[in-house]
Amino acid sequence: MDVRRRPVKSLSSAKTATAGEPPKSQQQHPKASDALPLPLYLTNGLFFTMFFSVMYFLLHRWREKIRNSTPLHVVTLSELAALVLLMASVIYLLGFFGIGFVRSVIRPSPDAWDILEDDNAINEEDSRREPCAEAIDCSLPPKPKIVHMVPQKALNPKSAFADMMVEQPALAIAPLTEEDEEIVKSVVTGKIPSYSLESKLGDCKKAASIRREALQRITGKSLAGLPLDGFDYKSILGQCCEMPVGYVQIPVGIAGPLLLNETEYSVPMATTEGCLVASTNRGCKAIYASGGATSVLLRDGMTRAPVVRFSTVKRAAELKFFLEEPLNYDTPAHVFNKSSRFGRLQGIKCAVAGKNLYIRFTCSTGDAMGMNMVSKGVQNVLDFLQSDFPDMDVMGISGNYCSDKKPAAVNWIEGCGKSVVCEAIIKEEVVKKVLKTNVAALVELNMLKNLAGSAVAGALGGFNAHASNIVSAVYISTGQDPAQNVESSHCITMMEAVNNGKDLHISVTMPSIEVGTVGGGTQLASQSACLNLLGVKGASKESPGSNSRLLASIVAGSVLAGELSLMSALAAGQLVKSHMKYNRSSKDITKLSS
């Protein structure tokens, strides 16, 4: 008799299965009898017979001991064997009845990120039944073809897994030829500079391989875990990185869909922090179920501020008055605008410190982040000013009044790059069922933590929970400059109860988001793919600058989702629990080699 409990296939679960993940009905757990080669009916019959026979034998023996006044703890060899068989049969039967019964009647408790499945209103909101979503094929895609595969030698040939192919990391490097060996030795001894390998060899991949081998010999440290193959080193030559020896792999997760300005976006996030993508995804779910978020672009202008020095304070002040006079604005603007098709001067602001003058130029830069563009225009203006102010000494093209890659009040107040505000109204039932908290608790915690707490800490632009987490993850995945996360993460998060205290209004104001969709790391294959996913790849031909502005709005919307979810976890006391579940390494660090 077949006593297995067969899982019932559910149509609803099959429909909602995500791509690449089998539905729950198809996820079968191994049974106890799967390890035995006998047919199922024979295995069941064997263990049923064993259980009742051994039980009868033991009860009969114990009855005789009681009659003969023999201690029960004194067992013979046959009784010991019977006990072992009894335990084996009990374990087998529990594998069918006990565990299966528990799985069928006990439902796992919902974790911090799950919405209640029996809530029809939330399920309808979360079903994403929009025109663009209905066209999506939710069936399981075919398994991708795996290249670079080698047989696993350590497997048992008789095992069912012996014929499987497993992917091997690109760690093994082809042996060096005699010519390459000589080059490596020359690099090690210093006869050939490491930085000149690309120009001497004319092969960027070969140069990276030789530099890598030379580095290992010089330091005596292995780079076996750092991949070398599978990267286009020519694409970074003279643009992204010098003297490469490999590349670092960072996993990319997807949060969303983020419903922003009535459009859905799947947000790529490159991170090694567990729970970050899951938390942001929960925020996106809450925003989606509440009707979406709205963003507004307030400003769009990159800055560069050179520092110049004069012999007297008076001369420094004269240049300040000249540049800030509206009647004189057209002259430097004309000189500045000649440097680029897209760079357009928007304004000049000066600050005097003794004999030194700091000149802050602001300009539009199209779809580029624009730091190089504005620097080129500034240099042209400085060269022009030398004719009227020959005693002006240019001390540096950047005097930190910009201010780039540093927390600064000038960016927090005046803005730099894109200044964006994003808001959403989260419904009461969504706050309770998706975010597992309530509106009053969120409003109070936001005031105590993000506003008062940040003020107590003397924060500068840090009136938020973790904006930099989301900004950094999106920046890395889309090829932005990660160092500009410093000023780009300036954010103030506001929350208040609306609609008679039932719903939550949340907003993030970010005055200095510095992003671009052309130049720098955006042209790399992986980063370009992420930009394409968002629909902002490259420069916009119809409206120059619109792609970078949209990317800034998506960053702000993602920060809104991340802030909403983390604050909810804090208000509900779920932060530690979720991080223990999603942000814990399973590796024994004591066994890792240094």
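Each Cβ is built from the backbone N, Cα and C atoms, and glycine gets one as well.
Feature annotation from Swiss-Prot assigns active site, charge relay system to Glu273 (among others).
In the three-state DSSP reading, Lys405 (active site, charge relay system) counts as coil. Sequence annotations record features per position, and here Swiss-Prot assigns active site, charge relay system to Lys405 (among others) based on similarity to another entry.
A coil conformation is recorded for Asp481 (active site, charge relay system) in the three-state DSSP classification, outside any helix or strand. If you look up Swiss-Prot, you'll see Asp481 (among others) marked as active site, charge relay system, on the strength of similarity to another entry.
Annotation comment: Swiss-Prot describes His579 as active site, proton donor, evidence class sequence analysis.
Reduced to three states, the DSSP call for Asn261 (N-linked glycosylation site) is coil. All protein chains considered, the CB of Asn261 (N-linked glycosylation site) has 15 other CB atoms within 10 Å. As annotated by Swiss-Prot, N-linked glycosylation site applies to Asn261 (among others), with the evidence given as sequence analysis.
Summarising the annotation, Swiss-Prot assigns N-linked glycosylation site to Asn337 (among others) and lists sequence analysis as the type of evidence. DSSP assigns Asn337 (N-linked glycosylation site) to a helical segment in the three-state reduction.
Taken from Swiss-Prot, the feature region 'Disordered' applies to 1-32.
Residues or ranges marked as topological domain 'Lumenal' in Swiss-Prot (evidence: a curator's inference): 1-37 (among others).
Look at Swiss-Prot and you will find 59-81 (among others) tagged as topological domain 'Cytoplasmic'.
Taken from Swiss-Prot, the feature topological domain 'Lumenal' covers 103-549 (among others).
The topological domain 'Cytoplasmic' annotation in Swiss-Prot covers 571-594 (among others), and the record cites a curator's inference as its basis.
Under the heading transmembrane segment, Swiss-Prot lists 38-58 (among others).
As annotated by Swiss-Prot, transmembrane segment applies to 82-102 (among others).
For 550-570 (among others), the entry in Swiss-Prot reads transmembrane segment.
Asn261 (N-linked glycosylation site) is 30 Å away from Lys405 (active site, charge relay system) when you measure Cα to Cα. In terms of DSSP secondary structure, the topological domain 'Cytoplasmic' (59-81) contains 14 helix, 0 strand, 9 coil. The CA atom of Asp481 (active site, charge relay system) is located 19 Å away from the CA atom of Glu273 (active site, charge relay system). DSSP classifies Glu273 (active site, charge relay system) as coil under the three-state reduction. Within 10 Å of the C-beta of Lys405 (active site, charge relay system) we count 17 further C-beta atoms, all protein chains included. Asn337 (N-linked glycosylation site): 16 other CB atoms within 10 A of its CB, across all protein chains. Taking CA atoms as the reference points, Asn261 (N-linked glycosylation site) and Glu273 (active site, charge relay system) are 29 Å apart.
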